[in-house]
Structure formats: structure tokens, C-alpha cells
Amino acid sequence: MGHQNIWYSHPRKYGKGSRSCKICGNKHGLIRKYSMNICRQCFREYAKDIGFIKYR
């Protein structure tokens, strides 16, 4: 059994490892509110298209 076979063999059904950004697939900095599941970088890029308005 090589290193690659062992490295990601554990099932990811819950926790941080199971979730990723819908747009880019990134696992860090996820915004999960309202079940968006978008990373913060993609959120800044697509916020206006989604319907969020920046007041300041």
C-alpha cells in the first residue's frame, strides 16, 4: 500500500474535509450561511450577482 492510497482513504462524510466551495472547490474560508457553501474569495467576486449589497 503506497502513500497515495493511504493519504485520502478515510471517508469524508462530515466535518471540514467533507465541504468545499461550489465554484472553485477550495476547502478553506467557506461561507456556509444560507447553505451557500462558497469560499470567501468567490463570495467577494460573485456577491453582487447573488444579490448581496455592500452598504459601506
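In case you wondered, yes, glycine gets a Cβ from its N, Cα and C as well.
Pulled from Swiss-Prot:
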{"type": "BINDING", "residues": "C21, C24, C39, C42", "note": "Zn(2+) binding site"}
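Neighbour counts of Cβ atoms within 10 Å were taken for the binding-site residues C21, C24; the minimum is at C24. The 10 Å shell around the Cβ of C42 (Zn(2+) binding site) contains 19 further Cβ atoms across the protein chains shown. There are 21 other Cβ atoms within 10 Å of the Cβ belonging to C39 (Zn(2+) binding site). Each of S20, K22, I23, G25, N26, L30, I38, R40, Q41, F43 belongs to the same chain as C21, C24, C39, C42, is absent from that list, and has a C-beta within 8 angstroms of the C-beta centroid marking the Zn(2+) site.
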